[in-house]
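Shown next, in structure tokens, is the structure this report addresses.
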Amino acid sequence: MRVRVAVLSYKRVSLFPILRPSCAVVRNIADITLNYENAVDYPGNEVEKIVSRFSLILRDCSDASLLQIGRQVHAQIIMNGLSNMGSLESKVLSMYILCRNIVDAKNVFFQMERRYSLPWTWMIRGFTMLSWFKYALLFYFKMLGVGLLPDKFTFPYVIKACCGLSAIQVGRMVHMTIRGMGLEEDVFVGSALIKMYADNDSIKEARQVFDKMIQIDIVLWNVMIGGYVKNGDVGEALGLFKKMREAGINPNTGSFVTFLSVCSSEANIEYGKQLHALAIRCGLELDASVANTIVSMYSKCQCLGDAHKIFSSMPQSDLVTWNCMISGCVQNGLNEDALDFFNKMLSAGVKPDSITFASFLPSVCETAGWKQGKEVHGYILRNGVNLDVFLKSALIDLYFKCRDVDMAQKVFDATQVMDVVLYSAMISGYVLNGMSVSALEIFRSLINATLKPNSVTLAGVLPACAYLVALTLGKELHCYCIRNGFEDKCYVGSALIDMYAKCGRVETGYRVFTKIHEKDSVVWNTMITSFSQNGQPEEAIHLFQLMGSTGAAHDCVTISAGLSSCANLPALLYGKEIHGFITKCSLRLDLFAVSALIDMYGKCGDLGSAHRVFETMETKNEVSWNSMIAAYGAHGMAKDAFDLFQKMEESGIKPDHVTFLVLISACGHSGIIDDGLRYFRLMIDVHGIKARMEHYACMVDLLGRAGRLDDAFDFIRNMPFEADAGIWGALLGACRVHHNVELAELASQQLFRLDPQNSGYYMLMSNISAVAGRWNNVLKVRCLMQNRGVQKIPGFSCIEINCTNQMFVAADRQHPESEQIYLLLKCLYLELQEEGYVPQLGTPLHPLCPDSQNHVITDDA
């Protein structure tokens, strides 16, 4: 066969202006020395050589940067009448696919003979490369429709398309076809099947495919092990890794990266060190990806010194290495070191990317603040750093933590393509700034945008429900968590427990707690704190002890919650045991744990121990000082509290709103009105601290105790916000002491509106009316309780005797030694009368008291 071919001369015909092809392309083109003007006939063997040369050129043009050259070569093939040659057509199609030019590839495909599988395979591959998975599957089914069978080169891309669409059922159908064709044991097809099943939570099916493989190379081992890791089954992954080693297969880079990442997430430093040693034995410790993962592993395991040694020993540090070090410093709270590494990175000429800034920005918030954060934001914009969702999320988080809500909103609004990560950052930011209503509005916007909230979103929005006591919405979110399998995740479970506790449903929160299989310290802390803050200190202490028996690590939050429970009982023995635990472990240096210890001793009546703990503290913060001032105030030692406040200021510690709250409370316990008013004004006028609801409640209680009820009522009316139940309750209690029935009725009306299910307020108003002889009002209050379904919750007293807590309610005869107890009480009462004690008229007395018939008897505890 002889073909007339026009000839291309690279030097004479400038077909490549501007572009600079690779050396291989130039060499191959230069070898084809044909001339347009002098076309000649060449024999068949020469044509084969020319086709071979064109094939080489097309192969070298398989990069998007050389697409224009590839097009010109394609034009030469057409002009020289070679376009119908099957081998060249496939080469042209593959060139366009590898250059990601699907439009030209499609045109070539429809001009080709499509009676064999190769063109179809290239098109399916092209669609998969562009993540156009639906088109990839469409071409696959069309291929089957025209009677063509795919081969082992087709199936990996078809399976990847199924995986990209999470179309596991379609993937199973493809798997059946593969099994029927006997290709299941092919390394590439098997790897694709294993990855598809592992990525879609079908790890058992992935293992079945893996076990059928005859020849298992390192790639297959890595895919299977990675599948177990992705599905959270680290134990199986480790077992498979051991089998791989027993089979004599040495791990490669992928193996080390996978398992070192597991060590990072599990904080398993011992196993991480073993893998590091194995990497050295395999000669891979200096491989960039392995070294970077080792650095990351040591950083996340809080061994930053070891991470720095690896970093320093690396012959060349790339961007990923610098990012690992910066991220490690931030995660370990070494924000100054993170800034130092960032500056060294810039000095080394390494340009930071979005991951660098996403890792670095949290340290800016902690150390530098709002101004420096804006400077970093400006650097990002000036240098064209890619603002991906994670970097935008970090910027939003920065501005929220710096209390610049408007700027955070601007970053969010400037985003054209929304993502659930950005919505989650906005929700958490609004909750952080106390804007729970706005957080719920953003959550509704997320739903309206047809985005699916993830576990992080739910953990962020549940605290907003807790703050607003939106129990109904909280239950709806709980149902969503159950349907999507989020309830068992620790951080979601913690948010659910906290939400139910703050909505008054502690038992429901406890049921959530019991369903979490692997509980971390945060879950335990949340449940212990929930019991402690909802009047169930015994359950909190029991859970505290149970936490230790399960091997979970106690931290400063656990200690604080446990000590708070001991203070609420009170249970001095348990408190001393926790004190011993603090002394033995490193928590003795934690300021908040030791401050909680001072508070516990103060509330348990052991002021001497509280003072000793306070004096032995090497470093004190405002919480420590506040705890000690509160202890003095609660024991009626107002002067000592005032002196301690003066020492606090002299030591350079700035008082906060809690400091003035405990000072005003100390004045109330000691009946010092003028000092209470002075500290209230000092807080507002001198220190610039806005008075909160609790400050006004303390002031009302202070004035009420002194009998200045009109001043207390004026104080309430002049408040900048509506009084809550605590303030009106303080006024009602003062009215009971000073027999002001009219003001009591006004206060009770507000209380019945604000807290209609609190039985204490009804009983208090009933007692006030009974003392005043207004029996109609007593009957009216009792009827109101009955109509609203309010039940009297008996109050109780608790005393610790011989290391055992004894609890009593009014007229309680359940105790086995009740006869001796009441006999002793009667003797004490008689001794009080002999000493001149005269009971106050109108005060409810115990039925055993001899003069009780002269006084009003109620069922108040």
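Note that the numbers count up from 1, one per residue, in the order the chain is shown.
Backbone N, Cα and C atoms are what each Cβ position is placed from, and that goes for glycine too.
Beyond its flanks by at least six residues, the repeat 'PPR' (217-251) meets 187, 190-191, 194-195, 197-199, 201, 203, 206-207, 210, 258-259, 261-262, 266, 278, 282 of its own chain at Cβ-Cβ distances under 8 Å. Feature annotation from TrEMBL assigns repeat 'PPR' to 217-251 (among others).
Taken from TrEMBL, the feature repeat 'PPR' covers 318-352 (among others). Regional average pLDDT for the repeat 'PPR' (318-352) in the model is 85.
The repeat 'PPR' annotation in TrEMBL covers 419-453 (among others). Same-chain neighbours of the repeat 'PPR' (419-453): 389-390, 392-393, 396-397, 399-401, 403, 405, 408-409, 412, 460-461, 463-465, 467-468, 470, 473, 480, counting only residues six or more beyond its ends whose CB sits under 8 Å from a CB of the stretch.
Marked as repeat 'PPR' by TrEMBL: 520-554 (among others).
If you look up TrEMBL, you'll see 590-620 (among others) marked as repeat 'PPR'. Cβ atoms under 8 Å from those of the repeat 'PPR' (590-620) belong to residues 556, 559-560, 563-564, 566-568, 570-572, 575, 578-579, 582, 626-628, 630-632, 634-635, 637, 651, 653 of the same chain, restricted to positions at least 6 beyond its ends.
According to TrEMBL, the feature repeat 'PPR' maps to 621-655 (among others).
Beyond its flanks by at least six residues, the repeat 'PPR' (621-655) meets 591-592, 594-596, 598-599, 601-603, 605, 607, 610-611, 614, 662-663, 665-667, 669-670, 672, 675, 683, 687, 689 of its own chain at Cβ-Cβ distances under 8 Å.
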